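Swiss-Prot annotations:
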{"type": "DNA_BIND", "residues": "90-108", "note": "DNA-binding region"}
{"type": "ACT_SITE", "residues": "63", "note": "active site"}
{"type": "ACT_SITE", "residues": "73", "note": "active site"}
{"type": "ACT_SITE", "residues": "114", "note": "active site"}
{"type": "ACT_SITE", "residues": "132", "note": "active site"}
{"type": "BINDING", "residues": "114", "note": "Mg(2+) 1 binding site"}
{"type": "BINDING", "residues": "130, 131", "note": "Mg(2+) 2 binding site"}
């Protein structure tokens, strides 16, 4: 769901292709767009993935909701965000369909699909998702570009879906609002160092409610009330602690939380910057 002002010249497009944008799998994938490069009308997010072992670039809360849902699904193997649809393919589709190709200052622009997903044990081995606010579907030009995108994936014989804010699970929305309603702590080395002791506590207190345990830890170590929960919140918001996004965070037991065991420090610094 690229925003306005993310246009590129032919030279810039060629450079991005040479850089490997939109290429690779898993931890080696490079998204066509990053949060630094695209103005956003809302919040953008950089979040670590347990599945891919890299930081993902999400341009809205709606993209985040879809990403967290995909991250939780055990059948999902790989998530590639901001996947480019190169003009070498889409230009001919536009001609055949009679739809004007996106052009800025005389240059055919690269369209992008928000997510290309690889799966196992599901109805599809691979599928694509475009994320849009429901209100955007009232715009005729938006619908035209979506039709180009639909035809692109149809030619590839890959199922393509549109996801809007109307489809957001209310519990998922609640969790996102709680995790990201205020600026979370940056992922410093000091904060990351808390993962190991937190993992021990979560294992030891497995059947107890996470909120109650956080209060117990604060009291036991004479910490400011809310300190432990704040650390868990920051680590969870940045993807280093995983939980069932379809269940209210406050209702989770300690055993419901999964702490990342492998963290790429270079990627970690990138999240914090």
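Cβ atoms here come from the backbone N, Cα and C positions, even for glycine.
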Summary of DSSP states over the DNA-binding region (90-108), given as helix, strand and coil counts: 8 helix, 4 strand, 7 coil
Three-state secondary structure, which DSSP defines for residue 130 (Mg(2+) 2 binding site): strand
Reported mean pLDDT - the DNA-binding region (90-108): 97
Cβ neighbour count (within 10 Å, all chains shown) around residue 130 (Mg(2+) 2 binding site): 21
Integer Å distance between the CA atoms belonging to residue 131 (Mg(2+) 2 binding site) and residue 63 (active site): 6
